[in-house]
Structure formats: structure tokens, C-alpha cells
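Visitor: Below are the features I grabbed from TrEMBL:
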- 1-21: signal peptide (SIGNAL)
- 26-129: domain 'Cytochrome c' (DOMAIN)
- C40, C43, H44: heme c 1 binding site (BINDING)
- 171-279: domain 'Cytochrome c' (DOMAIN)
- C186, C189, H190: heme c 2 binding site (BINDING)
- 294-384: domain 'Cytochrome c' (DOMAIN)
- C307, C310, H311: heme c 3 binding site (BINDING)
Amino acid sequence: MKRLAALSLLALGLASFGAQAQPEFEQVEKGRYLATVGDCTACHTSDPQKPFAGGVEISTPFGKLVGANITPDSETGIGNWTYDDFKRAMSEGIGHGGKRLYGAMPFTAYTKVTDEDNRAIWAYLQTLEPIHNPVETNQLPFPFNIRTSLIGWNWLNFDRGVYQPDMSKSAEWNRGAYLVQGLGHCGTCHTPKNMIGGDKNDNFLQGTEIENWWAPNITAANHQGIGRWSEQDIKDYLRTGVNRYDIASGPMAEQVKNSSQYWKEEDLQAVAVYLKSLGVKDEKVPAPLKGDDKQMIAGRHIYFDRCSACHGSSGKGEKNIFPQLANNALVNAPEPVSLAHVVLAGSRGVDTDARPTAPAMPAFASIMTDEEIATVLTYIRNSWGNSAPAVSADDVKKMRERLTP
Ligand code: HEC
Ligand code: HEC
Ligand code: HEC
């Protein structure tokens, strides 16, 4: 449908403007690509039959927000908008009727997008089918539902302005920085948040909890980050959801499926170059628990019983099938949320065009106690080069409760 709309636009263009049609078609195609890079569908498409008609629920620590209808429907979408209205939403976080938008719409990142790129996205959005679908985006409880509170929020958390290239760096690095900080909005999930949900930019991409998962540190830190990954490893992960270290699950599986698997090779390469340049000074690496620690001995038994068949006796996994647990940023994360999540609920790695079937990790919620799960996680967090604080049965219990509807 979308392609048809773009084609008919081309036909129209050909009829009325002759030779000028080609640039217009190219702009729409570029906009389609950029909308994929920005992953607008993650929050704006709840029903694949109704692309961009809104309705995706986004849970925040303050309550629920819902992605708006951004199809060109004049009543319930943005059909009456001009380009300037659209640009204000992207660059300033101002939506319908001048209302301030919540940061769940990642305008704090999109503000970096250039005018040229915004024009392309706008051109593409206008080729979409208008869909009548009223959406109440603000479903937060009082007092968070009052939009005037966003004036203060923006003042504290929002640095408005297009990305400014760093002339001391290569064009490739700058492209990577532009994509990661801007449209790719990687910091929305990977940057720690302050009390009111704003990004702690001094800790850019250093890892945080999101929707019962841990979005790990993706700087080049060696212990908690991806310092050991090569540029190729980063590209493989973003393109296929898998590399020799890890498999994407949870929200990152969605990101790969909707977005990064479709990024151009040169854009992924730029992202890899940029991420590899981000270091963390003085990374704190705790000393691992000793092998004769009681929890370590018990954990080792459970590991060999339940886990080693897939993840290997020394945590090396099986390339592209079972993730490596040794020297794994996620395993070393300060909080064990993702680990408890995966062991309790199981998980299936992401399927991508490049890799249509993904292996699965079984759920252990019904066959292991909180104590046993905590013990085996403590063991993997302190073996084979990993070191991280022990996991308590209480941590696992809390995750079990959060995962039980
Ligand atoms: C992480 C979720 C998320 C992503 C990704 C996202 N949005 Fe949004 N967007 C929202 C939410 C939530 C709202 C409603 C916010 C509010 O009402 O305060 C919104 C609102 C908007 C609005 C304002 C609509 C109105 O009626 O005022 C526009 C325009 C918009 N988004 C465009 C985009 C585009 C284009 C992209 C991709 C480049 C995008 N969004 C990606 C969550 C998201
Ligand atoms: C919607 C939230 C979300 C967004 C947006 C997101 N990520 Fe992630 N990311 C995660 C989560 C959660 C994980 C952990 C996945 C897992 O447990 O397998 C992750 C994992 C990763 C990893 C693997 C780290 C490791 O040690 O295994 C890389 C690399 C990564 N993300 C890069 C990116 C980049 C680059 C972007 C922006 C283009 C991005 N992510 C955007 C949530 C997100
Ligand atoms: C049948 C094979 C199998 C068994 C048994 C198994 N796993 Fe997994 N495990 C997987 C697969 C496949 C994944 C990747 C799934 C995904 O990423 O969604 C995975 C993912 C994980 C992850 C997330 C790693 C990451 O970086 O994303 C952890 C942690 C983990 N397993 C721990 C364990 C523990 C602890 C046990 C024993 C209690 C165990 N696994 C048993 C197959 C298995």
C-alpha cells in the first residue's frame, strides 16, 4: 500500500512537473528509510494493518502514554499540519494545538535531526494512507497528566538544537554520532535516567533498566560495555540480532526487527565506529566472588545441571546459537534484571531477514525456586572473567511478581 502511494505520487509528479518528479520520489524514499531508522512504528503502529495510526501503549515510571496517530487523517491524525508543525514536534517537542509533548516521544533525541532529513520524513508521512483512529495519548494519572509541568521538565532535560559536527573527527564518526544521538535515539533505552525521567547525559549510553530488561552499557568499556566487540561484531548484532557474543532479546529484539536490520551498511559502520570511540574513564570492576564461596559452589552445581548443555561448561556458548555468558556485558550489569527475566520467562532471540529462525531459551519459572535462580545467576556473574554483585532471592522474587500478570 505504502509503495503504491509513493508510486502514484511519482506518476502525479511526472504528469505535472515532468523532470522534477524524480527528486520528489527520491525524497519520499529517503523519508521512508529515515522513518525506519527513527523506528517511528515502534510507538506509532499498534496494528500492522494500520501503519502509523497510533495506539501503542508506552509504560513509563509515571504511568501510561500512547503513541499518537501520525497518518494524514485530518480529524484524528496530522492531516491539517504543515511542515513547520511537524518540524516543531520533532525539534521542539510541541504537538497538536501547541501542546507540549511528553519525553516518551523522543524529541530530546530527534531535535538533532537536520531540516533536510525532517523534510524527507514529512514527505514520506504524507504518502501514507489517512487512517481515522482517535487516540488519547495522555493517560497519565494526576498530577503527571498536566502538560504545563513539562515546561520545567524541558528546562531541566531538553537541549534543543540540530546535531553539530565535531570537526576534529572523521565524517564517518560524525555520521555515527548523528544517528546514535539523533534519529536512532539509542539513549532513550541505554542512557540512565534522573528522578524525573530525563537522560543523565554525563552517563550517555552507560546502561539502564527498561520495561523489566537491562539495556546494557554500549560504550567501549571493557567490563560492563562492549569494548571487546569489534566493529564487525557490532554490525552483525545490529543487522542480524546475533553475533559471536550475544543475541538480542526483549526491547532490543524489537529494535533490530523494526529498525536496525534495515540500516544501510555504511550507516551501521558509522554507528560501530562511533560506539567504539566512547569510553568510560575509571570503569569500576568489582572483585569476583571466590570459587569456594558457598553460593558459588551451589551455583556451579545448578549451572551444570540446568544450563551448561547450551551455554557450555566454561560459559562460551555456541556461536550464533547460544549466547556466550563469559565476558558478557549483560551478565556483568550492575542490576540483574535481564538475567532474572530471561531465566524465569525464557526468551526467543530475534528473527531477522538475515536469520529467519531464532533459537530459544527455556523458561525456568516453574521448575526453579527464587533461591536457586539467584544462586545460579550469582555463579555466572562471578565466573569466566565476569564479576558483579551477588543476586538475592528477593531480586528474583520481585521480577517473578512483575512478570506475573
Ligand atoms: C518511543 C516511542 C516513540 C517513538 C520511537 C516515536 N514517537 Fe512520536 N510520539 C510518541 C508519543 C507517546 C506521542 C504522544 C506524546 C504526547 O501526547 O505528549 C508522540 C507524538 C508524536 C507526534 C505529535 C502528534 C500530535 O498529535 O501532537 C508526532 C508528529 C510524532 N510523534 C512523530 C514521530 C515520528 C516521525 C517518529 C519517528 C521518527 C516518532 N514519532 C517516533 C512516542 C514515540
Ligand atoms: C527500546 C529500547 C532500546 C532501544 C531504542 C535501543 N536499544 Fe539496544 N538494547 C536494549 C536492550 C533491552 C538490550 C539488551 C538486550 C538483551 O537482553 O538481549 C540492548 C542491547 C544492545 C546491544 C548489545 C549489548 C550487549 O552487551 O549485549 C547493543 C550493541 C545495542 N543494544 C545497541 C543499540 C543501538 C546502537 C541503538 C540505537 C540505534 C539501540 N541499541 C537502541 C534496548 C534498546
Ligand atoms: C536449551 C538451551 C538453553 C538452556 C538449557 C539455557 N539457555 Fe540460556 N539461552 C539460550 C538461548 C537460545 C538464549 C538466547 C535467547 C535470547 O536472546 O532471546 C539464552 C539466553 C540466556 C541469557 C541472556 C544472555 C544475553 O546476553 O542475552 C542468560 C543470562 C542465560 N541464557 C542464562 C541461562 C541460565 C542461567 C540457564 C540455566 C538455568 C540457561 N540459560 C539455560 C539457551 C539456553
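Cβ from N, Cα, C; glycine included.
A TrEMBL annotation is a machine prediction, not a hand-curated record.
What you are looking at is a predicted structure, and each value in this text was computed from that prediction instead of being measured.
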Visitor: Cα distance, C310 (heme c 3 binding site) to C40 (heme c 1 binding site), nearest Å?
Guide: 36
Visitor: How many helix, strand and coil residues does the domain 'Cytochrome c' (294-384) contain under DSSP?
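Guide: Counts, helix then strand then coil: 37 helix, 8 strand, 46 coil.
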Visitor: Which one, from the binding-site residues C40, C186, C189, C307, C310, has the smallest tally of other C-beta atoms lying within 10 Å of its C-beta?
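Guide: So among C40, C186, C189, C307, C310, the binding-site residues given, the one with the fewest Cβ atoms within 10 Å is C310.
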Visitor: Looking at the binding-site residues C43, H44, C189, which has the shortest Cα distance to H311 (heme c 3 binding site)?
Guide: C189
Visitor: Of C43, C186, H190, which is closest to C310 (heme c 3 binding site) if I measure between C-alpha atoms? They're all binding-site residues.
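Guide: Nearest in space to C310 (heme c 3 binding site), counting only the binding-site residues, is H190.
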Visitor: Of C43, H44, C307, which is closest to C186 (heme c 2 binding site) if I measure between C-alpha atoms? They're all binding-site residues.
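Guide: Nearest by Cα distance to C186 (heme c 2 binding site): C43.
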Visitor: Looking only at the domain 'Cytochrome c' (26-129), how are its residues distributed among DSSP helix, strand and coil?
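Guide: Tallied per class, the domain 'Cytochrome c' (26-129) gives 44 helix, 12 strand, 48 coil.
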